[in-house]
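Straight from TrEMBL, the features:
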ACT_SITE  ASP34  active site, proton acceptor
ACT_SITE  ASP173  active site, proton donor
BINDING   SER7, HIS64, GLY140, PHE141, GLY142, GLY143, GLY195, SER196  substrate binding site
BINDING   HIS32, ASP34, HIS64, ASP173  divalent metal cation binding site
Amino acid sequence: MIKIAASILAADFLNLGADVERMRQAGADYLHCDVMDGRFVPNISFGQPIVKAVAATGMPLDVHLMIEDPDKYIDEFARLGARIITVHQEATKHLNRTLHHIRELGCLAGVSICPATPPETLGWSLGDFDVALIMSVNPGFGGQKIVPSAVKKIAVLRDMLEKAGVAAEIEVDGNVALDTAQEIVNNGARLLVTGSALFKAPDAGAFIRTLKGMEAGA
Ligand code: DX5
Ligand code: ZN
């Protein structure tokens, strides 16, 4: 089953509550929260206060930490109610330890890789995560164009997981839109993050239904 994570980076921050409600009614499964530190990525977004505010809506949170030293903040985001906490492979010194810590806190453990990072880098961690987040753009900004080679890595990772008999979810983040999502789904992703395309869609509910219906064509 395809699940949709609405990326609040694309929301109207002056009307965040209304936008979250719009996403809930449209059928989003998660709110995707992009936490950026201006160090791991060249942009700063938001942190704990916004995550706390959207947690109060009761929507499941998918927290994407695009930060250096993510270990410093994992406990706090777990306490705020994150369902999924994702760290970047490139920013995490002891990935196995960090992922197990996220699980111990009662959250689903996610690991993300940037477009230039090979999926094989996760080869010795296959049992350690619940979600693998493949970035289909370079992290840091919404509204970018897809990196086509990153989409190919989805199938590589799916094969690695299948061979190992591991049932982790593949999530894709960056320029997921009506014209890009089918290939992403065909390659094996089942959790789709969408920001600009979803929030700008004239009918967010129809947009989400179309994306969810793409599994049939996979
Ligand atoms: C990019 C973020 C994404 C972003 C996606 O660094 O991780 O979650 O919000 O936005 P769109 O869908 O606009 O590419
Ligand atoms: Zn993200």
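Here the Cβ of each residue, glycine as well, is placed from N, Cα and C on the backbone.
From a predicted model like this one, the values you see are computed outputs, not experimental measurements.
Here the binding-site residues are GLY140, GLY195, and the one whose Cβ sees the fewest other Cβ atoms within 10 Å is GLY140. With respect to ligand 2, the recorded positions ASP34, HIS64, GLY140, GLY142, GLY143, ASP173 contribute ASP34, HIS64, ASP173 as residues with a C-beta closer than 6 angstroms to one of its atoms, given in sequence order. Each residue contributes its Cα atom, and for SER196 (substrate binding site) and the residue listed as 'active site, proton donor' these two points are 11 Å apart. Closest to GLY140 (substrate binding site) by Cα-Cα distance, out of the recorded positions HIS32, ASP34, ASP173, is ASP34.
Those same-chain residues not listed among HIS32, ASP34, HIS64, ASP173 yet with C-beta within 8 angstroms of the centroid of the divalent metal cation site C-beta atoms are ALA5, SER7, LEU9, CYS33, ASP62, MET66, THR86, LEU133, VAL193, GLY195. Cβ crowding, taken as the number of other Cβ atoms within 10 Å, peaks at GLY142 among the binding-site residues GLY142, GLY143. Max Cα-Cα distance over the annotated substrate binders (SER7, HIS64, GLY140, PHE141, GLY142, GLY143, GLY195, SER196) is 17 Å. Close to the residue listed as 'active site, proton acceptor' in the fold, though at least 6 residues off in sequence, lie SER7, ILE8, LEU9, SER45, PHE46, HIS64, MET66, GLY142, each with a CB less than 8 Å from its CB. The two recorded residues GLY195 (substrate binding site) and HIS32 (divalent metal cation binding site) have their Cα atoms spaced 9 Å from each other. Using a 10 Å Cβ-Cβ cutoff, ASP173 (active site, proton donor) registers 26 neighbours.
Each residue contributes its Cα atom, and for ASP173 (active site, proton donor) and HIS32 (divalent metal cation binding site) these two points are 10 Å apart.
Least packed by the Cβ count within 10 Å, out of the binding-site residues SER7, SER196, is SER196.
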